Amino acid sequence: MSNPRIVLLFSGKRKCGKDYLTERLLQRLTPDRAQIVRISEPIKRCWADKLGLDLGELLGDGPYKERYRREMIEWSDGRRAEDYGFFCRAACSEGVVAAREVCIVSDVRRKTDVRFFRETFGERVRTVRIVAGEETRRERGWKFQQGVDDVQSECDLDDVTEWDLLVENEAGADVEGILARIEALL
């Protein structure tokens with residue numbers, strides 16, 4: 001990855017609004033200044049190649065991805081056990097076409113993800129935790145899945161208390177206000 005001035009790491013539970021907020025932030029900052037990197041992209045690409053699946057559907061937000069989510073998590077956990085930074089490195093090399101001032105990592109899920117980015121980018125890293133209650137997440141389409149919502153990929157960052165910014169993204173939240181708070185980290 002080229003050397004961005006700031007690397008924003010976004011984390012949060014499924015359906016808390018990470019993708020929505022990071023896409024809105026990108027629009028606000030403009031693609032000339034910022035880019036989104038997704039750790040999940042190389043995971044899904046490798047998984048699709050391994051099983052001959054439709055990558056476009058895996059990258060989407062529909063039932064196709066959900067059908068494979070649990071197995072994909074288990075497989076990627078095995079790969080991370082061998083090399084915790086494997087998918088972070090792959091996301092950085094695949095996700096950056098041109099240098100941008102701000103790198104937005106939209107899907108940090110593990111302490112080792114944070115570790116990789118801090119080791120790689122040091123003081124340029126800022127962490128943002130997005131939270132939303134279960135009712136709000138249900139309204140956004142979340143339904144608890146054993147083996148998905150109760151494993152490391154969803155729970156590893158639950159006990160982290162030190163975030164540069166903690167954002168409550170409940171239904172009806174002031175999105176512009178949230179984006180302004182995130183922008184203040186820059």
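The backbone N, Cα and C atoms fix where each Cβ goes, and this holds for glycine too.
According to TrEMBL, the ATP binding site annotation covers Lys13, Arg14, Lys15, Cys16, Gly17, Lys18, Asp19, Arg140. Positions annotated as substrate binding site by TrEMBL: Asn169.
Residue environment of Lys13 (ATP binding site) contains 21 other Cβ atoms, counted within 10 Å of its Cβ in all protein chains. When the Cα atoms are compared, Lys13 (ATP binding site) and the residue listed as 'substrate binding site' turn out to be 11 Å apart.
Within 8 Å of the centroid of the Cβ atoms of Lys13, Arg14, Lys15, Cys16, Gly17, Lys18, Asp19, Arg140, where the record puts ATP, the same chain has further Cβ atoms from Gly12, Tyr20, Ile130, Ala132, Arg137, Trp142, Asn169. The record assigns Lys13, Arg14, Lys15, Cys16, Gly17, Lys18, Asp19, Arg140 to the ATP binding site, and the maximum Cα to Cα distance across that set is 12 Å.
Sequence-distant neighbours of Arg14 (ATP binding site) (same chain, six or more apart, CB under 8 Å from its CB) are Arg137, Trp142, Val148, Asp149, Glu154, listed in sequence order.
Neighbour counts of Cβ atoms within 10 Å were compared across the binding-site residues Lys15, Lys18, Arg140; the minimum falls on Arg140. Under 8 Å, Cβ to Cβ, and six or more positions away along its own chain, Gly17 (ATP binding site) finds Ile130, Ala132, Arg140, Asn169, Ala173.
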